[in-house]
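*Asks:* Here it is: the structure, laid out below.
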Amino acid sequence: MRPVIQMEDLKKRYQIGDQEIQALRGVSLSIETGDFVAIMGPSGSGKSSMMNVIGCLDKPTSGEFYLDGYPVSQAHDDELAEIRNQKIGFVFQNFNLLPRTTAVENVELPLLYAGTPAKERRERAIQALLDVGLGERLNNKPNELSGGQQQRVSIARALVNDPVILLADEPTGALDTKTSVEIMGIFQQLNNAGKTVILVTHEPDIAEYAKRIVRFRDGQIVSNEIVEERRRVLLEEVIT
Amino acid sequence: MSFLESLRVSFRSIKANGLRSVLTMLGIIIGVAAVIAMVAIGEGTSASVANQINGLGSNLLIVSPGQATQGRVSLGAGSLNTLTLADAEKIAESEAVSGVAPSVNGRAQIVFGSNNYSTMLEGTTESFPDVRNVQVADGRFFSNFEVRKQMNVAVVGTEVVNNLFTGSSPIGQTIQINRIPFSIIGVLKSQGSSGMTNNDDRILIPVTTAMSRLTGGKNVGTIYVSAASANDMEKAQQDTRNALRSQHSLRPNEADDFRITSQSDILSTAQEVSSSMTTLLSGIAAISLIVGGIGVMNIMLVSVTERTREIGIRKAIGAKKRDIMRQFLIEAVTLSLIGGVVGILLGIGAALGVSKLGGMATAITISPILYAFLTSTIVGVVFGVYPARKAAQLKPIDALRYE
Ligand SMILES: Nc1ncnc2c1ncn2[C@@H]1O[C@H](COP(=O)(O)OP(=O)(O)O)[C@@H](O)[C@H]1O
Ligand SMILES: [Mg+2]
């Protein structure tokens, strides 16, 4: 199987004034299609920086990065926008939904920028919301939804373009335990259906829903191991 | 993303931010409304002035007495009593002249039964209706015979009729003018007011009667001369001047003791005045439109900052630079355009209101409307580009981290 993510000696430096921050200090990682990876590590260890590079939201300072075989390091802004649109679904800790905009309109957004016709856009957005169990909340605005429901909307938005990879940076960080488990159930289902999932978490029991755990410290990978006793969310738990 | 989709996204965002959108438009609305109303008032004034001047009569020359000087101080036009009825007859001899109406003016107290009324009295001749473009609505004007015989006949304006007679026809009635009885033979057609003077509030009697019984003296105040045609104006003016100089026995080195003003002189002076007024008014209005445009930019910039996160989200899920640029630019232009349309309607409404309530003449023409429409579009583009570029240049990761 061809790796969907392949990075060699990836470095990311931030410059704040005359202070230089090494967020990633040479990361090499390869992730196969269909994998479910949890990235862990203390705060400030570079997890989000890593996710932003994988998600093409940010360019690495140096190193090679191939996404689905495509050399992202050399791409310019508009190409990156297209990759984000076509190949990546991003789920954020704080949901990042457009305010004053209904669930279905939020989910339609990626299709809007992909140039999908209006009718097909609406159909696919509704289907994506049905898939995450939000069929009855299509026309609610984010402020009319609970945290868990908002996160489902944002998962639906991440999925609607059928991306090759689903990225989630602390998707359960703002949710209670029960809702977190439900969200993890959705990720597991998606992964079972073949979707590659990468998520960042600092909660060990959340990480155990993944197939593999990669640990970061000071901008470097310190371990990369398969989860032996993998937790599974029972299907009944997800549906309710 | 297609242009149509961009348009929809922009519209939705304008709707979603209702109050701010209205505030953004306010500057443009006021600016455009000011332009439309100001230009309408300016054009209306100039049209009504031109109308009034044309209403004076056709191909009219106005002869007034010269200025007396005391030492080197001019006492102003009309301060000399130099014009006479004989002058008028002499002027009438020119073939370029079709009519001459000498005139004396004063105020008069009029009594009919128990009603008492003060109005303008003008003594003139039978040529007056033709020369001054005045029509008789009821009855008739006085004749050459009545002028020669100094008869006590009067033609009255409608305002006088309204004030003295209640409903009944004034024709054939006898009124007292300064205690002298006159019989009314005609009523003038209503002309409305021009500027400060109400043309319907006057009474006309033969000039001879006026001079001998009311004003006294042998001089007339003004001689109205009408040229036979527009082409004859210059010759009529020359002939009038020659006639008066010979009448007054002026030697070649002596200056005229009278003044001849032609209607076109008055018209062009008035038009100069009103066109500079229009320019001034529209200049002020245009400045307020620019201020409105800066308002749009200001609020669009605030809007970009306030919506940094939204821009970040849109970019994160695939919006390209040009998508964001287009969205914000369309928003700015749409706001300006809606503001422009509302402003145009408001300006037209204001112009109509001013003419209805303030009695001011206004003329709504198409060109300032097109101009306002075009300007508000340009304002939208010009003042929208900078904020839109700023939005488009944002890095997705920075926009998402923005709190
Ligand atoms: N956009 C940025 N500008 C400057 N410094 C940043 C930026 N993003 C992250 N950093 C810094 O890089 C380091 C790694 O941050 P991050 O990748 O967010 O870590 P984590 O997600 O593991 O907490 C931290 O020291 C953080 O302050
Ligand atoms: Mg983080």
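Backbone N, Cα and C define each Cβ position, glycine as well.
Unlike curated entries, TrEMBL annotations are predicted automatically.
So TrEMBL lists the following for this protein:
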- B:21-242: domain 'MacB-like periplasmic core' (DOMAIN)
- B:284-395: domain 'ABC3 transporter permease C-terminal' (DOMAIN)
- B:21-42: transmembrane segment (TRANSMEM)
- B:280-304: transmembrane segment (TRANSMEM)
- B:328-354: transmembrane segment (TRANSMEM)
- B:360-386: transmembrane segment (TRANSMEM)
*Asks:* In the same chain, which residue numbers or ranges, 6 or more beyond the ends of the transmembrane segment (B:328-354), come under 8 angstroms Cβ to Cβ?
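*Replies:* Long-range Cβ neighbours of the transmembrane segment (B:328-354): 6-7, 10-11, 13-14, 21, 24-37, 40-41, 44, 292-293, 296-297, 300, 303-304, 360, 362, 364, 369, 372-373, 375-377, 379-381, 383-385, 387-388, 391-392.
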*Asks:* In the domain 'ABC3 transporter permease C-terminal' (B:284-395), how many residues does DSSP put in helix, strand and coil?
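*Replies:* So the counts come to 97 helix, 0 strand, 15 coil.
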*Asks:* If I take every residue in the domain 'MacB-like periplasmic core' (B:21-242) and average their pLDDT values, what number comes out?
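*Replies:* Per the prediction, mean pLDDT sits at 85 for the domain 'MacB-like periplasmic core' (B:21-242).
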